[in-house]
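Have a look at the structure below, then the notes.
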Amino acid sequence: PISGLLATGGADFDIKLWFINSDEVQKKIPTASYQNSLSYHGSAVNALRFSPSGEQLASGADGGELIIWKLHTTETGQSWKVFKSLSFHRKDVLDLQWSSDGAFLISGSVDNSCIIWDVNKGSVHQILDGHFHYVQGVAWDPLSKYVASLSSDRTCRIYVNKPQAKAKGVEKLNYICQHTIVKAEQQPIDDAKSVKYHLFHDETLPSFFRRLAWSPDGSFLLVPAGFYKIPASSETVNTTYVFSRKDLSRPSLQLPGASKPVVAVRFCPVAFNLRGSNPESPVVQKPDDMVIETAKDDDSITAENRKAECTERREGKQATPSTVNASISNKPAKRRITPMAIDP
């Protein structure tokens with residue numbers, strides 16, 4: 001979050017640290033230089049998250065391995081060392097998220113549970129075990145009131161903090177489930193009966209992750225792996241649901257348009273203002289006709305192509321430039337992405 005350091009993990013059991021040089025002054029393409037490796041895990045690393053301060057790094061891996069690394073500064077430079085080993089998950093850790101103050105961490109696992117950890121103590125603070133299948137995504141509200149989890153049991157669970165009695169003047173975090181979001185009611189056409197349909201894909205979705213995310217100000221929660229049944233039709237559309245903080249019991253918007261199920265969402269942490277708008281204005285309106293342009297240069301690779309290339313590399317093959325360029329040339333230059341309101 002501060003230093004421009006990037007951490008990557010993978011099936012080689014290793015964590016690699018890279019320094020990203022953005023070179024904003026000269027307007028050059030950012031470059032990445034390898035720094036060093038953090039070797040400790042004995043299985044594939046699935047999730048890495050820096051703490052808000054940037055002084056700690058959480059890593060979750062297969063087999064329930066969960067490590068907190070701490071940055072140490074010496075006269076000769078900086079190094080990362082194991083700070084805590086958090087042991088309780090019985091199976092693979094698939095997602096992690098820090099609390100906004102960096103004191104707690106929430107993890108989601110193939111053992112169907114979420115665990116809230118007290119980082120400094122290195123101990124379990126609370127277990128959230130309401131899901132009936134893999135927990136594939138967790139998200140901590142930046143305002144510290146809620147945590148959310150998404151599972152392949154086709155539910156999103158919203159937990160609200162109901163602090164327990166104060167001990168030594170300090171309120172103890174205590175999250176209880178406020179909403180279990182499963183289905184939505186479709187508005188009937190004419191005299192037809194209303195029908196409820198599932199909001200999320202089932203466990204056959206071929207992905208390890210369903211990573212949801214709060215907006216930086218906590219106003220919205222974006223939940224992937226959604227699908228929407230078009231009224232009076234058997235057709236379904238892949239979508240991401242948008243929940244408003246004012247009503248987390250049901251989605252208020254959806255972002256359709258993905259050709260395949262959405263598995264991860266993330267907000268840009270930088271707040272933007274429209275050109276010519278007042279920087280002091282607290283609300284920025286979206287233009288009525290916003291067009292998303294895709295890059296046209298030959299060096300650009302779409303997310304789908306990157307995924308295919310990564311898969312081929314994992315299998316010992318290299319994606320050929322001709323394959324990548326052919327995919328790019330078939331893509332339209334512009335796409336219109338319009339959020340859709342969901343009727344109350």
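From the backbone N, Cα and C atoms, a Cβ is placed for every residue, glycine too.
The repeat 'WD' annotation in TrEMBL covers 1-28 (among others). Secondary structure of the repeat 'WD' (1-28) per DSSP (helix as H, G, I; strand as E, B; remaining residues coil): 0 helix, 13 strand, 15 coil.
Residues or ranges marked as domain 'CAF1B/HIR1 beta-propeller' in TrEMBL: 6-299. Looking at the domain 'CAF1B/HIR1 beta-propeller' (6-299) alone, the prediction's average pLDDT is 89.
Sequence annotations record features per position, and here TrEMBL assigns repeat 'WD' to 38-79 (among others).
Summarising the annotation, TrEMBL assigns repeat 'WD' to 86-127 (among others).
According to TrEMBL, the feature repeat 'WD' maps to 128-159 (among others). Within the chain, the repeat 'WD' (128-159) has long-range Cβ neighbours (under 8 A, six or more residues past its boundaries) at 94-101, 104, 106-110, 112-116, 175-182, 198-203, 205, 207-214, 216-218, 221, 223-225, 248, 264.
What TrEMBL lists as region 'Disordered' is 295-344.
Summarising the annotation, TrEMBL assigns compositional bias 'Basic and acidic residues' to 295-317.
Per TrEMBL, the feature compositional bias 'Polar residues' maps to 319-330.
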Tertiary contacts of the repeat 'WD' (1-28) (same chain, 6+ residues out, Cβ under 8 Å): 34-48, 50, 52-54, 57, 59, 61, 69, 80, 314
